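Below: one structure, written as C-alpha cells.
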Amino acid sequence: MHRLLAWDAACLPPPPAAFRPMEVANFYYEPDCLAYGAKAARAAPRAPAAEPAIGEHERAIDFSPYLEPLAPAADFAAPAPAHHDFLSDLFADDYGAKPSKKPADYGYVSLGRAGAKAAPPACFPPPPPAALKAEPGFEPADCKRADDAPAMAAGFPFALRAYLGYQATPSGSSGSLSTSSSSSPPGTPSPADAKAAPAACFAGPPAAPAKAKAKKTVDKLSDEYKMRRERNNIAVRKSRDKAKMRNLETQHKVLELTAENERLQKKVEQLSRELSTLRNLFKQLPEPLLASAGHC
C-alpha cells in the first residue's frame, strides 16, 4: 500500500483548462510514487517556484506542445512521436538522468519497470490484450441420410473433441454438461448416439419377415390323419349337442315362466271380481246397520 504523504505532479495527468488543483489537508502521495520497493530513494528536493499560486510539490509546466501538437514550437526541433505523451516526458525528465537499479518484480504494476520494453515509458502502461477464447463449433443434430455416413465418419474426430469438451464423464453414454447453466450450449452426441441416429430417424424399408415355416404335407389316406379328423368331428358333435341342450333348457324355462305368468294373471282377475262383488254388497246394506257395525 502506498503512503498518503504527497503526490508528485509527474504522476498526475494533465488537468483541464478550467480545473484548479484542490489542496485539502495536503493529502498527496509523496514523490516516490514511482519507487520500486518500500525503501526507495526519494526524489531530490526541488527549488520552490517563483509564482506564489503553485504549491510546494508542484512546478510550472508548459502545456502548449501537448494542447496544440500540430502548432510549430520554437523550443522543439521536431514533433514528439505519437506514442509519447505528457506523462512519459515528465517521467523521462525526472528519472531519465538518474541511475537506478533493476526494480524488484512485485505483484503490483511497476511504473518504472525496466523489463517492459514494448510498453511506452509512461506511468501506467496499457494492459496486455486479453486472450480470445475459442468456442468449439457445433454441428446441427439433424438426421442425415445413409449415404452421408462416410462423411460423418470422416469428421468424427473433431466432433469427438468438441463432445469431450462439454461432456462431464468420458463414457460412451451421453453424460451431463459441465455446467448447469442454461446459457451453455448443448453437448455433441456421443459416438454411439451418432451411429444410432440415422437408424432411428430413417427406418428405411421394413425388414423382410422370416421365412415362413414350410407347411407339412399331410397324407389324407394315412391313419394319423383319419384319427385326427375323427377326434375333431367328435369334438364338434359334442359342442353342437351341448348347444342344443342349452337351447332346449332355455325353451323349457320360457314355457314354465309363461305358464306361471298366465296362472298369476288368472288369480288377479279372480281377486278383482271378488273385490267388486264385496263393494256391491256393502253398497246395498242400510246405513244404520253399517253405523252399528262400525261401533262394534
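Any Cβ shown, glycine's included, is placed from N, Cα and C.
Annotation source Swiss-Prot lists region 'Required for Lys-133 sumoylation' at 1-22. Along the region 'Required for Lys-133 sumoylation' (1-22), the predicted structure has mean pLDDT 53.
Swiss-Prot lists ARG3 with the feature asymmetric dimethylarginine, giving experimental evidence as the kind of evidence.
For 22-104, the entry in Swiss-Prot reads region 'Required for MYC transcriptional repression', with the evidence type experimental evidence.
Residues or ranges marked as N6-acetyllysine by Swiss-Prot: LYS39 (among others).
Summarising the annotation, Swiss-Prot assigns N6-acetyllysine to LYS98 (among others).
Residues or ranges marked as N6-acetyllysine in Swiss-Prot (evidence: a curator's inference): LYS101 (among others).
What Swiss-Prot lists as SUMO2 cross-link is LYS102 (among others).
The N6-acetyllysine annotation in Swiss-Prot covers LYS102 (among others).
Per Swiss-Prot, the feature SUMO2 cross-link maps to LYS133 (among others).
Under the heading SUMO2 cross-link, Swiss-Prot lists LYS144 (among others), citing similarity to another entry as support.
The region 'Disordered' annotation in Swiss-Prot covers 171-199.
What Swiss-Prot lists as O-linked glycosylation site is SER180 (among others).
What Swiss-Prot lists as O-linked glycosylation site is SER181 (among others).
The SUMO2 cross-link annotation in Swiss-Prot covers LYS211 (among others) and is backed by similarity to another entry.
The SUMO2 cross-link annotation in Swiss-Prot covers LYS213 (among others), and the record cites similarity to another entry as its basis.
For 226-246, the entry in Swiss-Prot reads region 'Basic motif'. Secondary structure of the region 'Basic motif' (226-246) per DSSP, as helix, strand and coil residue counts: 21 helix, 0 strand, 0 coil.
Counting every protein chain shown, 7 other Cβ atoms lie within 10 Å of the Cβ of LYS283 (SUMO2 cross-link).
Residues of the same chain that lie 6 or more positions beyond the ends of the region 'Leucine-zipper' (248-255) place no CB under 8 Å from a CB of it.
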